[in-house]
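> Below you'll find the structure I mean.
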Amino acid sequence: MLLNGIVAAVITMIITIIGIPRFIMFFHKKKLGGQPTLEDVKQHASKAGTPTMGGFVFVVVSLVVSLVAALVFGKFSPAFITAWWVFAMYAVIGFLDDFLKVFKQINEGLTAKQKMLAQILIGIVSYFIYSHGEKSHIIHILSWQVNIGIFFSIFIIIWLVGWSNAVNLTDGIDGLASITVAISLTAYAVIAVVHQQYDVLLIILSVIGGLLGFFVFNHKPAKIFMGDVGSLALGGFLAIVSILLHAEWTLLLIGAVYVIETLSVMLQVAYFKKTGGKRIFRMTPIHHHFELGGFSGKAVGWSEWKIDIVFWLFTAVLSVIALCIYFAF
């Protein structure tokens, strides 16, 4: 039931709000370095030393609360297990990456190859867990249903890897990723309620609760960042939720911000290589472009709050449009 999910969300939010300050104190007590700041963005100088890995708190709390709730309310289904597994495993990848950077002072963290291999393995296991409860290999595009058979396994891997990294790129300024993802997940919560998929709804609402609790400390000026442990987990979670709700295509609208952020990086890199050093944007991902003045020529651009609000509203509007189209077909 919806009420069960709301209760789980509130509990997750409260525990996260209680847990984050203690996590911040741990970082300060151990004198651990925070997330590296961007030298080209002068506004970020004040962020030096800010603790990271805050995603560890809301991820763990969301996982524990949703698991207990699923067992208590009888929602421990293959769909729930799949969503839970993906969220947890992508968090593990992010945690290892953050751990190497923060605790072992290895700036690169996990190598790109290590991350990719881990994400592919998680995608393969996710496919088998998903297939245990869902026998069809159908991708839903508006009113069309395309059966891609064995290639569905490849689709799941690409979908998970793509969206996890897209959300990771979006997590670049205070509060941006946490609320943008919360808005995206709210759209999927609506779909889950309408289709009475309360097993998936339970974990969706738990994660939203965790994000709201985290935002209390992550808004400008942020006292803590979520790190890869949070952003990679959220991206993978969004991807698998869209699959479990048979609404894969909607993520292209609901997650348009993540798509734009990713495309800005890809275009910048390609153009830079082709022109021998020229740039399309002042800096990517594109939220930094707006911070640095955008195409206006000004030395200082939008504030972090302005970027946040514009991106949140953009996500909210496109989410409503996606839902309208989804239910129309």
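Using N, Cα and C of the backbone, Cβ positions are placed for all residues, glycine too.
Marked as transmembrane segment by Swiss-Prot: 1-21, 53-73, 76-96, 109-129, 141-161, 175-195, 198-218, 237-257, 309-329.
A description of the local structural setting of each listed feature is requested, covering burial, neighbours and distances.
Same-chain residues lying 6+ beyond the ends of the transmembrane segment (1-21) with a Cβ under 8 Å from its Cβ atoms: 54, 57-58, 61-62, 65-66, 69, 73, 75, 189, 193, 198, 201-202, 204-210, 212-214, 216-217, 223-224.
Remote same-chain partners of the transmembrane segment (53-73), defined as residues 6 or more beyond its termini with a Cβ less than 8 Å from a stretch Cβ, comprise 1, 4-5, 7-8, 11-12, 15-16, 19-20, 23-24, 27, 80, 84, 87-88, 91, 94-95, 98-99, 102, 199, 202-203, 206-207, 209-211, 213-214, 217-218, 224-231, 233-234.
For the transmembrane segment (76-96), the list of distant contacts is 53, 55-56, 59-60, 62-63, 66-67, 70, 109-110, 115, 118-119, 122, 125-126, 129-130, 132-134, 160, 164, 168, 197, 199-200, 202-204, 207, 227-233, 235-237, 239-241, 244: same-chain residues at least six beyond its ends, Cβ to Cβ under 8 Å.
Packing against the transmembrane segment (175-195) from elsewhere in the chain are residues 2, 5, 167, 201, 204-205, 207-208, 211-212, 214-215, 218-220, 222, 226, 230-231, 234, 237-238, 241-242, 245, 247, 250-251, 254-255, 257-258, 287, 304, 307-308, 311-312, 315-316, 319-320, 322-323, 326-327: each is 6 or more residues past its ends and has a CB under 8 Å from a CB in it.
Panel annotation: around the transmembrane segment (198-218), residues 1-2, 4-6, 8-17, 20-21, 24, 54-55, 57-59, 61-62, 65-66, 69-70, 73, 75-77, 79-80, 83-84, 87, 174-175, 178-179, 181-182, 185-186, 188-189, 192, 224-226, 230, 234, 237, 241, 244-245 of the same chain, lying at least six beyond its termini, place a Cβ under 8 Å from a Cβ of the stretch.
Outside the transmembrane segment (309-329), and at least 6 residues removed from its termini, the chain residues within Cβ reach (under 8 Å) are 142-143, 176, 179-180, 183-184, 186-187, 190-191, 194, 247, 250, 253-254, 256-257, 287, 302.
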> Which residues of the same chain, at least 6 past either end of the transmembrane segment (237-257), have a Cβ under 8 Å from a Cβ in it?
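For the transmembrane segment (237-257), the sequence-distant neighbours (Cβ-Cβ under 8 Å, at least 6 residues beyond its ends) are 79, 82-83, 86-87, 90, 126, 130, 134, 138-142, 156, 159-160, 162-164, 166-167, 170, 180-181, 184-185, 187-188, 191-192, 195, 197, 200, 204, 207, 311, 314-315, 318-319, 321-323, 325-326.
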